[in-house]
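Below you'll find the structure, written out as structure tokens, and then a few comments.
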Amino acid sequence: MINIKKSLNLPKTKFPMKANLAYKENEILETWKKINLYNKLHKNKKKNKQFFLQDGPPYANGNIHIGHAVNKILKDIILKFKRMSGFFSPYIPCWDCHGLPIEHIIEKKLSKKKINKKEFRKICFKYVLKQVEKQKNDFIRLGIIANWDNINLSTDYINQSNTIKVLTKIVEKGLIYRDLKPVYWCFDCQSALAEAEIEYKFKKSISIYIEYKLIENSILKNNFFKNYNKKIFNNISILIFTTTPWTIPTCQAIAINPKLYYQIIKINKKYYICIEELTKKIFKKNNIKKWKIILSFKGKEIEHIKCFHPFLNTQIPIILSKHVSNQLGTGAVHMSPDHGYEDFIACKKYKIIPKQIVDSHGFYKIKKYSQLNNIHIFNKENKIIYILKKNKKLFFFQTINHNYPHCWRHKKPIIFRATPQWFINLSKKNFKEDTFNKIKKILWIPSWGKNKMKKMLKIRPDWCISRQRIWGIPLPFFIHKNTGELHPNTVMIMKKIVKKIRNHGYKIWWESNVNTWIKKDSETYRKVNDVLDVWFESGANHQLKIYKHNIKNKKNYVADLYLEGSDQHRGWFMSSLIISMITKTIPPYLSVITHGFVLDKNGQKMSKSLNNNISPKKIIQKKGADILRLWVAYTNYTNDISISNEILEQISDNYRRIRNTIRFLFSNIFDFKANIHIIKYEKMLFLDQWIIEKTYNYQRKIIKKYSQYQFHKVIKKIINFCSIELGSCYLELIKDRQYTMHKNSIERRSSQTAIFYILQFLVRWIAPILSFTAEEIWSQLQEKKEKSIFMTQWYKNKQLIKKKSTYNLFFWKKIFAIRKEINLFIETEKKNKFIKNSLEIILLLYINKKLFNFLLLFNNELKFIFLVSETQLHKYSSAPSLAIKSKKIKKFKILIKKSKKIKCPRCWNYTKKNNFLKNKNSICNKCIKNINQTNKKHIFL
């Protein structure tokens, strides 16, 4: 009597169905640490092909958020892929440690306690180290393989000295200057801001149309009126429009476009000048229905005419500027060189300079109009309206909601404010034209990044690099007390400072005096107390790779890749590009990838106010880092990325699909020893040869998608391979021989050999993304020589590559197309409850001669392809009326009959009664032969 269960090779494995990632991942991290994985990956690899990804430094403040996780995971996927492709790809994580946010946190902690600057910097430094350690541990928990023992902080002495060394090169080129210019200014920061430190949000403002009365002069008389009429001149006003009424006291000119046409319009007894295209729009707003056009003229004709300020006792000129548009307002713009960059440029041509009547806190300081003194510019705009009404200079006003710049840290409105600052000149020596040409040669992903960078650089003013703060890298300049000029030996002095800072840090600058560095005429110079823009620091850090990796070709070092969020076009990408082009005349990167922002399920940005933040730490604790990594890879990260608990659950389903496939593969090779049981390729069944060739094909496509950084397509291919090629096809077709044939039969060992190879492929495919799961798989694989999956490369078996199956992919594609068509008919019969299982079927095929001969090749194995108990082939012409015609295959009809034969309790096939042994546990002759290894050998499957 045969024990049926014991006679079957039922699948079993130690590889768990439940991943328990949150626990298992920590074990794997300990293993990586124990074997010193990062060092092992890079030991003796410097002669390999090289790939350098430059880390955009996150800010050393607070817990990592989901955006940090996206960024670091993407970088990690790329670097793991590159290392598995044979590249030397080191990764040194960087951190930005200076800047306002840290200063403000320390100021809040200190409250009103006063300490000196030296102590303040020490406290900032201690805080930074704690933050970096916290973030570092969070990044390690994500599975990021990096040189965690050699991280790069902007506070490192080498970084401080390198930043000043780069600045010295720019000074040497004569591109640094000091000027009184309008820059972004935050009242709370009490400092200038970089463009990358502002964000635009909607703000309610008062928009006003103001009358600036023209002063009678000969230009008007000679140009426009033959008959001089003093009454008309006394009543002509030029209308200006502004959304910043607080700037009216600082107005020093009115700009019009020299090439556009303006009109003098009569309304009742008054005359107004405004641009031709906007006349109707302006008067409609003020509900004016009747007006008369007196004359038209080009803007250039009234240059230098003067107007009265609407309430200050001053006269202001009309000037020309091409930036004035006919799309908005009146075509006349009041010019405040203190509070607008375009205003400053236009006024500079007429030698009109800023007057600085708004202080650093936002209060007016006007000698000529004391009513506004000590009033904050944002709090008393209504006061300006009142004054204008009182002086009968307000033509019209309304409240509008418009996009306005805000401080990214304080979330409060900022202004342009003229202050003495240090700038890098970006206008000299065709700098922008040369940079445009280099931008074209860089690979931008997405491609729109190229035009975005070009547009931003085109309109970018000179770079303000000075900040009026404490916590930062110093601007080590000495300026003349009277002239404000840099010391003539500045470059030489800075080179000395660089050497000292490399050994002692920048404290040596802060704690020194003028005499330390200048011996002659030291009493006529003073130290600059400003610090450098943090974007200059991070922009200069690409040159540190040279020192960290001992790169031989130092002069021409270029990073292969920069990868950051899309906001970094105006931030780190731009600062790095400018610095590299100035100092080395080459871009710092060959490729730039940007990822989108993380949104919630409703498409809203993550924010504290909306309470929609999802912490990466909580996701890891609940689901594991591999789920988070899979979510990052699964989405097209070049767009904004959505996350929610529902989305993560869908990602978990996809993870289970991959894991269950791998578990099933393991369960079918539980008794397989590669060194004993492996079957040579040429002796394997043709179906097994097919799946190996198919797997190789998938690997080529997957590697290509990895190399194109299209990870969502990598994942889709892996899932497709697991679900379709394996789940719906190969693994279904081999079940019979896997379970029912003798455990040492060539048929079974052949499919086990194929499964063994598939696992070798699959574990490598998922490794860059599902790093912990891949390591878990690797630990259970036989014949592994390396301690970690990441110490291997893409699977290449010479025996498999050289050999080609007699029955190639095209051959099997044809048979699987037929199988797919037949399955449609079988599924219909299942739905109709005619059958429960396809093995109940006798399949009758009525087919054309060509197809008949093709299927005849399979002989008795045909039923195993269609997973039925019996298959019969007939000529197409003999098809009965009940046979159903295929819609996809020509001359192809199918008839399905339910078998009346007996079901074998072991293999579940239906066979004739006389094919069974007459005993209590009757099993079919096929099963007996399989057990005794006397069966006819399979060729195909």
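The backbone N, Cα and C atoms fix where each Cβ goes, and this holds for glycine too.
Lifted from Swiss-Prot, the feature list:
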type	residues	note
MOTIF	58-68	motif ''HIGH' region'
BINDING	GLU564	L-isoleucyl-5'-AMP binding site
MOTIF	605-609	motif ''KMSKS' region'
BINDING	LYS608	ATP binding site
BINDING	CYS904, CYS907, CYS924, CYS927	Zn(2+) binding site
For GLU564 (L-isoleucyl-5'-AMP binding site), nearby residues of its own chain (Cβ under 8 Å, 6 or more apart in sequence): GLY56, ASN71, GLY571, TRP572, PHE573, THR594, HIS595
CYS904, CYS907, CYS924, CYS927 excluded, remaining Cβ within 8 Å of their centroid (Zn(2+)): THR740, PRO905, ARG906, TRP908, ASN909, THR911, ILE923, ASN925, LYS926, ILE928
Per-state residue totals over the motif ''HIGH' region' (58-68) - DSSP helix, strand, coil: 3 helix, 1 strand, 7 coil
Neighbour-count leader, CB within 10 A, binding-site residues: CYS904, CYS927: CYS927
Predicted model, mean pLDDT over the motif ''HIGH' region' (58-68): 92
Local Cβ density at CYS924 (Zn(2+) binding site) - other Cβ atoms counted within 10 Å: 24
Collapsed DSSP category at CYS907 (Zn(2+) binding site): coil
Those residues of the chain, 6+ apart, with a Cβ under 8 Å from that of CYS907 (Zn(2+) binding site): ASP736, TYR739, THR740, ILE923, CYS924, LYS926, CYS927, ASN930
